[in-house]
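Below: the structure, in structure tokens.
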Amino acid sequence: MMPERPERTKVCIMDETTAERAATTLNNPRWQKVLARDTTADGTFYYAVRTTGVYCRPSCGARPARPENVLFYNTAPEAEEAGFRPCKRCKPDQPHLAERHRILVEQACRFIEQSSAAPTLAQIAAHVGMSEHHFHRLFKATTGLTPKAYLTAQHQRALKEYLGQQNKITDAIYAAGYISSSRFYETAEQVLGMTPSNYKKGGQDTEIRFAIAECSLGSILVASSAKGVCAILMDDDPEFLLRDLQDRFPRSTLIGADVTYERLVAQVVGFVEAPQLGLNLPLDVRGTAFQQRVWQALRHIPYGSTASYSEIAEKIGMPKAVRAVAQACGANALAVAIPCHRVVRTDGALSGYRWGVERKRLLLDKESQARSRKDQQANQEESQSENCKE
């Protein structure tokens, strides 16, 4: 009987070309998104597999291919021109899931806006062909608002338009879609910033005190209503700031600064130059419920620190409302008091700022330096205290 030969271990040896292809894929940041099945990357690129002849979305649930067999393309047409066919599982030639959801939510928004009577949740969900529960969850995740809150916001927008057209207040309330006047009056001053009658007159019976000062960031305007500071605006041109204030309160009586008010303005300027001083002012904050939630979260970011738009969205319990958070930051009219300049992109890069990205950079630099000095001082005091104990 012939002795059995020992089983040989199979060794896979890659040729140089295969090894280079694998290294190219492994070093590409897109490959990590494929391995993570990152849905946020869908639509930003596609990957194709040489051995199967198909191309996929980054989030495709299929088993990942060997890296040496993977190619990346910026668009689906590019992959198809290279001879690859769409994957039947993830259907990369069709709008990706996030895009399909966006389209459905847009359809729902248009339906809400164009309905003569306030539609119910069931009616809106049926219009886009979804269950009430699934639609409610999708709408809130996409817009940052519930369908009811979005409907309320539309009522508020329409009401302002009708009051601006000098309609009777009662007529404007019902024309805007409110079911009863009592429900409107419950939140009227919070929404309008004044009584409906004053808003109808363009704020004619209200007084707005203001002053313009200079600081290292240029000109700064501070304005207050009877409730508190209602605007902190910045620009290089003082006349532009005054026109901006007039546009915001077209029929209010604008009153220039006296000595008392100038002290308040000096407090704001002092905070810009020395953030460690803090800024504790009564504020007249005007915005939607969602905007106010975002702005409240911003006020909890300490000076010398930053947060990303996605972190703020997480903090208010709406992790997918990143775009809505950015829009709320852009709508902020209280510079530095509501520190939207402390919100940055996920990678730490500075994004748009209502008063200019360069001002945002300067504010963050000032705050970072002030925080460093405070930390150094605290460390020195702690060290001296320990030396005294010895």
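The backbone N, Cα and C atoms fix where each Cβ goes, and this holds for glycine too.
Noted in TrEMBL for the protein shown:
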BINDING   Cys56, Cys60, Cys87, Cys90  Zn(2+) binding site
ACT_SITE  Cys56  active site, nucleophile
DOMAIN    106-202  domain 'HTH araC/xylS-type'
ACT_SITE  Cys340  active site, nucleophile
COMPBIAS  366-376  compositional bias 'Basic and acidic residues'
REGION    366-390  region 'Disordered'
COMPBIAS  377-390  compositional bias 'Low complexity'
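Restricting the average to the domain 'HTH araC/xylS-type' (106-202) gives a pLDDT of 70.
With all protein chains in the displayed structure included, the most crowded Cβ environment within 10 Å among the recorded positions Cys60, Cys340 is that of Cys340. Listed in sequence order, the residues Val54, Tyr55, Arg57, Ser59, Gly61, Ala62, Pro86, Arg89, Lys91, Pro92 complete the 8 Å Cβ shell around the Zn(2+) site centroid, once Cys56, Cys60, Cys87, Cys90 themselves are left out. Secondary structure at Cys56 (Zn(2+) binding site), as computed by DSSP, is strand.
Neighbour list (Cys56 (Zn(2+) binding site), Cβ cut-off 8 Å, at least 6 residues apart, same chain): Tyr46, Tyr47, Ala48, Val49, Ala62, Cys87, Arg89, Cys90, Pro92.
In terms of DSSP helix, strand and coil, the compositional bias 'Basic and acidic residues' (366-376) has 11 helix, 0 strand, 0 coil. Cβ neighbour count for Cys87 (Zn(2+) binding site) (all protein chains, 10 Å cutoff from its Cβ): 21.
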